Amino acid sequence: MARNVARNFSIKRLPGFATIAMLCFFVLYLPIATLVVYAFNAGTSIAIWEGLSLRWFASAWQNQQVIDASIRSLQIASVAAVIATACATLAALATTRTTPYRGLTFKYSMLNIPLLVPEIVTAVALLILFSRIKVWTGYSGLGYLIAAHSAFCVPFAYLPIRARLENMDLSLERAAADLYATPYKTFRYVTLPLLWPGILAGLMLAFVISLDDVVITEFVKSGGQDTLPTYMLGQLRRVVTPEMNAISTVFLMLSLAIVTVFFFISRNPQKDEP
Amino acid sequence: MSVSPAELSETLRRKDIRDRWFLSAPALILIGVASAGPLLIVVLYSFLAPGSYGDVKWAFSTDGWFNVFFSRDIFDETVSLAEAHFSIFWRSIRVALATTVLCLILGFPTAYFIATRPPHNRSIWLFVITIPFWTNMLIRAFAIQEVIRTEGLVNTLLLKLGIISAPIQMLFTDFAILLGMTYVHLPLMVLPLYASLEKLDFRLVEAAYDLYASRLNVLLKVIVPLVKPGLIAGSILVFIPALSSYVIPRVLGGGKNLMIGNLIELQFGQGRNWPLGAALSVTLVAIVLVALLFYVRNVGKSGGGAHG
């Protein structure tokens, strides 16, 4: 060791690695930064800079289609995130802190299916199923999109909740039980408050995942049910103005805000996920 | 009324397991109805005959599967291998593999860099790498489009520097798809690699240096074998979504450089051949399963690190 120190030799250093890492960080943010900058372009081009202006934000704000799609996106994401998180919380309680029992592996696999199956296949599958149901029932509301989003958000909500549960101290609940708390009271006053950060983290993840979804929504939606991402996908075929950048920028800020809060919530326990 | 402690604990255990089924029921039903269950319908549809305006006729038919692999000439009924499909499958696998390799080359140093920062800084670096991952995939594809288009940042810069004399067509090429795929999937490689590298025991690295190993040897013979689970986990996490990409090839490939995902979509859109689309979907799932089996065989339940 002394010899290494004398030669100022760091065992952790690998030449070029830090450079590549920095390059990665740079390249990850360059396109996003460009996109945001051109949202403030005064001209009509997304490539030629003509001065600073907020006109495209204003034009997006006055675009009824954009407003409708945004509201629809937020509606679906809120409802789906709540449903997914509720289901995931119960499922996490059912699959952690126990010795293996029959059916546990089955539950794990089921909970992971939405993550493992390619999204395009799920989308096609739901298109087939829901188009049948639409014909049978005549219902063509947002329910289909909400059901689809809820289902594929479950694993994302489940992960942080399960991580939180596994790091939780069992003795606190035992103590509550020893002090004659009923199982309900133990859950309500001991388990739930301890679990809360995990649930909140799961809720936010589910919300962001639902908000971002393109493929499943594109296949499942009925006419006039564009969410913001599917609206944008449609617009990308046409000539694009900086209005798209403005919409994207607002969207980015929203995701960023949620993910930042998520980061600080899930940082506390010092361990795990994601 | 005398119940032995063993019996009592057995009864309690059984009740506990029953409660656990009740608790997991909502999630299982939801996924069963809107995710896992519909997959079985896809399998069923792959064995039906196509309807004239999309959808299916309720008659058993293996045409869907036949059409995945063979094509029948509409004039003289001769059967030949469906080269278009094979070439798209092969292309998709190639692009997904290339994406995986690129992510590995870029992701490994990045994960290593993060893992060798002081502990309290690491989560910030991880956060920085995951932010793009949580932003909308479509927006990221659009951002890439903007940077590499003919009058985009990269071409403008290269022209100004005099490196090129005319703009390069990058958008709507294989290069664009590969760039976009690597861009989008990089965090999925970095996260599991980081999880493995973080646990790396640097005393082993030090021992190797003490025994006069070169840096290259330390990297290839000490570090890489120790983080193999993370390497495989990251590669699988990149390979699977890359193989089944739909948005990136559509936005950056401009509709001519198809991948499996787009081929499937075609059958449900303009192609109006739902059984063929269903059969192609099942084929895609089968390839994914093979990749997953490979993962389980090689990493197993010993834990491959964080999940994306």
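Numbering starts at 1 and runs along the chain as displayed.
Glycine residues also receive a Cβ, built from the backbone N, Cα and C atoms like all the rest.
These numbers come from a predicted model, not from an experiment.
The annotation domain 'ABC transmembrane type-1' is assigned in TrEMBL to A:70-262.
Listed as Cβ neighbours of the transmembrane segment (A:20-40) (distance under 8 Å, sequence separation of 6 or more from its ends, same chain) are residues 46-47, 49, 52-54, 56-57, 242, 245-246, 248-249, 252. Look at TrEMBL and you will find A:20-40 (among others) tagged as transmembrane segment.
Look at TrEMBL and you will find A:76-96 (among others) tagged as transmembrane segment.
Look at TrEMBL and you will find A:108-130 (among others) tagged as transmembrane segment. Beyond its flanks by at least six residues, the transmembrane segment (A:108-130) meets 91, 95, 144, 148, 151-155, 158, 215-216, 218-220 of its own chain at Cβ-Cβ distances under 8 Å.
Annotated transmembrane segment per TrEMBL: A:142-161 (among others), in sequence order. Among residues of the same chain six or more beyond the transmembrane segment (A:142-161), those with a C-beta under 8 A of the stretch's C-beta atoms are 72, 75-77, 79-81, 83-85, 87-89, 91-92, 111-112, 114-115, 119, 122, 126, 130, 133-134, 195, 198-199, 201-203, 205-206, 209-210, 213, 216-217, 220-222, 225, 227, 266, 273-274.
The transmembrane segment annotation in TrEMBL covers A:189-211 (among others). Outside the transmembrane segment (A:189-211), and at least 6 residues removed from its termini, the chain residues within Cβ reach (under 8 Å) are 73-74, 76-78, 80-82, 84-85, 88-89, 92-93, 149, 152-154, 156-165, 168, 172-173, 176, 181, 228-229, 254-255, 258-259, 261-262, 265-266, 268-269, 274.
Remote same-chain partners of the transmembrane segment (A:246-265), defined as residues 6 or more beyond its termini with a Cβ less than 8 Å from a stretch Cβ, comprise 32, 35-36, 39, 56-57, 59-60, 66, 197, 200-201, 204-205, 207-208, 211-212, 228, 232. The annotation transmembrane segment is assigned in TrEMBL to A:246-265 (among others).
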